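Summarising the annotation, TrEMBL assigns domain 'Methyltransferase small' to A:56-136.
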Amino acid sequence: MPDFPTPDLSHLTRADFRNVYEPAEDTFLLMDAIEEHPRINLDDDRQRGRDWPSVCLEIGSGSGCVSTFVAKVVGRSNALFLTTDVNPHAARATRRTGEKNEVTLDPVVTDLASALLPRLRHSVDLLIFNPPYVPTESAEVASPLPAPLFSISASWAGGVDGREVVDRFLPFADELLAPEGVFLMVLLEDNAPEEIIREVRERWGWTGRRVKERRAGRERLVIVEFVSGGDAHAG
Amino acid sequence: MRLITHNMLQCPVKGCSKDNFPLRIEDAEIENADADFNPQFLKRMLDRIAWGALVQTSFSLGVAKLPESPGDPNDDEFLQTLHHVLLETRVKEGRMVCNGCGHVYPIREGIPNMLLQENEV
């Protein structure tokens, strides 16, 4: 598989990173999972005949680093790279990071995937979410409403067990994923990934597995891959 | 905001279920930005595009004329026109208005803002 460099973020300053999550270990682990994914990163022969994914969607794109990386690996003209973020600063950073790295990302300021449904119903081939997963008080979790003052804690505060935003999003993921779609999500060991994998298998019949793990300080990061069902899922 | 993105956006206001797509674009500042022409990608996207909405929107903005129904996916001229409308035409500034409930969604620096107020969620 070809290697891809980390996207150039030199256009973003300290001031930007006061309002937008700065790429960290979780971001890099997610990019590693993308680079090592056998359906996303193809060798040159298969890249020429690529017919998947057509629609990529990243929820909570922050700096735009991950979706830029996806566009580089998939090929910038081979798919639509939609992103959402509830934070307008992040949406702007995402657009600029795409431009800086000569790919086009299509950011939307919205709560999770709101406004993209029902149009994207069962149409997203590659779904990516690095959620706010840090266990915190519920009160710290981002509001889906426009905040008078954006707080950077919204980019990581995950509420009880770090699961509040993850659990709110999962039903939308089921609506969004195309048949045999791939959903990559960042979790902590503290979020009980095995429990989430079991729950979504029982609810929607997805296949879930850990694809990457790494210790980062006191946290243990896990990248989980879900693959939605085939034909039974469609319609 | 490229028109392909606009084609994916529906009014998210709770209870707004009529005339909520496509959102009407107003006071638009349009710009064009070159994109790589990829006929294979366009063909794959054809069945994910809401065609009537795209035709209506491109007409209202006065950009290239699209046929009333999708053309032959092997017709290069049709694909070139579709490419230009979907992927090269952008709304830099302006707003989208829901024809159903009248909600206004601003477009600033090329980015649509779909956030709602508390009583609309």
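A Cβ is built for glycine as well, from the same backbone N, Cα and C atoms used for every other residue.
No curator has checked TrEMBL annotations; they are predicted automatically.
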*asked:* If I take every residue in the domain 'Methyltransferase small' (A:56-136) and average their pLDDT values, what number comes out?
replied: 97
_Helix-strand-coil residue split for the domain 'Methyltransferase small' (A:56-136), DSSP-based_ = 23 helix, 21 strand, 37 coil
